[in-house]
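The transmembrane segment annotation in Swiss-Prot covers 8-28, 45-65, 72-92, 98-118, 131-151, 157-177, 205-225, 244-266, 274-294, 301-321, 333-353, 365-385, and the record cites sequence analysis as its basis.
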């Protein structure tokens, strides 16, 4: 289809910039905690707040994409994220924890971009290629890696508020380019039905809740680690904020690069098998992380491989969604599933902060909870989740 590659690439770039904006607080969390004398729980809440709003907002932006189209919604979310980015910069410059948490809520708007881009990418590709298209769009998660790597450095080079102004300018310029270049797929037809009934209809589909459960683990794990890993690394291994950001960027990049691999594999073998392998690997590697492997080589190998497992799983789950969700409900189902993924990323930082053992300096309890959850999901997928029948997968 003419224009599909260009539109997919541009939509992915829009996702990159919004994911960077969504993840602005996490890479600086250790600095905020030090400068504002925050407790572990307060720092965890600060990191988790944008994740919560980004998750819940996806329930709305998904069906709105069915109604107004991906082009309009990608532009709208990008523009709506500019002011919160600047407001967070002001609050950070003032050193106000309360304002940071408050404006961090609105920073979550940028995180809703995922529920917009998935149906947009779906509309441009045939069912047999949707694992690929959603995997490529999912590479927009690299924005978290860019944020983890560059945000602390930008603060050191340019200053705190200027860093936020740079991200706001990137959002604005991206929105302008999208207005000129981005187009909805020729086959897109707006769904004018009211949003609430469509959400209720999507909520009645078994695929919605099965995929929500699985995505809450694989994508939630990615989001949680991408935001909380700087705190984890500095606490456990004593690295500086910049060094922790670089290592977190490596984690996020590995997950991002693995996501299209998960989609590609799902186009060739059953997504169920891809997700099963992802969950089993996640459980094994989270257990290894709980043992606190030595810094550098062993810890890096553990977390990078964990990132690959999570990334492959995210690609596999959404390839599964693309096969099973009814065509008229893709946006609504995507919104709910994506929200579940975001919520899956909201609670782990809070749990990690609450279960941290300052005496032994470890997060063992939190990591073992991830092991148990991944094993439960793996067992459920093996025994109950099934591939779609042809009626579900038809478009």
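Cβ from N, Cα, C; glycine included.
Keep in mind that what you see is a predicted model, and the values were worked out from it rather than measured.
Tertiary neighbourhood of the transmembrane segment (131-151): same-chain residues 8-9, 11-24, 26-28, 113-114, 117-118, 120-122, 124-125, 163, 222-223, 226-227, 229-230, 245-246, 248-253, 255-257, 259-267, 271, 314-315, 318-319, 321-322, selected by CB-CB distance under 8 Å and a gap of 6+ residues from either end. By number of Cβ pairs under 8 Å, the transmembrane segment (157-177) is matched best by 8-28 from the list 8-28, 45-65, 205-225. Simply put, out of 72-92, 205-225, 365-385, 365-385 has the most Cβ pairs sitting under 8 Å from the transmembrane segment (274-294). In terms of C-beta pairs under 8 Å, the stretch of 8-28, 72-92, 98-118, 333-353 lying closest in packing to the transmembrane segment (205-225) is 333-353. Sequence-distant contacts of the transmembrane segment (365-385), counting only residues of its own chain at least 6 positions beyond either end whose CB sits under 8 Å from a CB of the stretch, comprise 210, 213-214, 217, 221, 272, 275-276, 279-280, 282-283, 286-287, 289-290, 348, 351-352, 355-357. Between the transmembrane segment (8-28) and the listed ranges 72-92, 98-118, 301-321, 333-353, the one holding the most Cβ pairs under 8 Å is 98-118. Long-range contacts of the transmembrane segment (301-321) within the same chain: residues 118, 130-131, 134-135, 138, 141, 207, 211, 214-215, 217-219, 221-222, 225, 229, 247, 250-252, 254-267, 271-272, 274-275, 277-279, 281-282, 285-286, 288-289, 293, 330, 333-334, 337, 341, 388, each at least 6 residues beyond the stretch ends and with a Cβ under 8 Å from a Cβ of the stretch.
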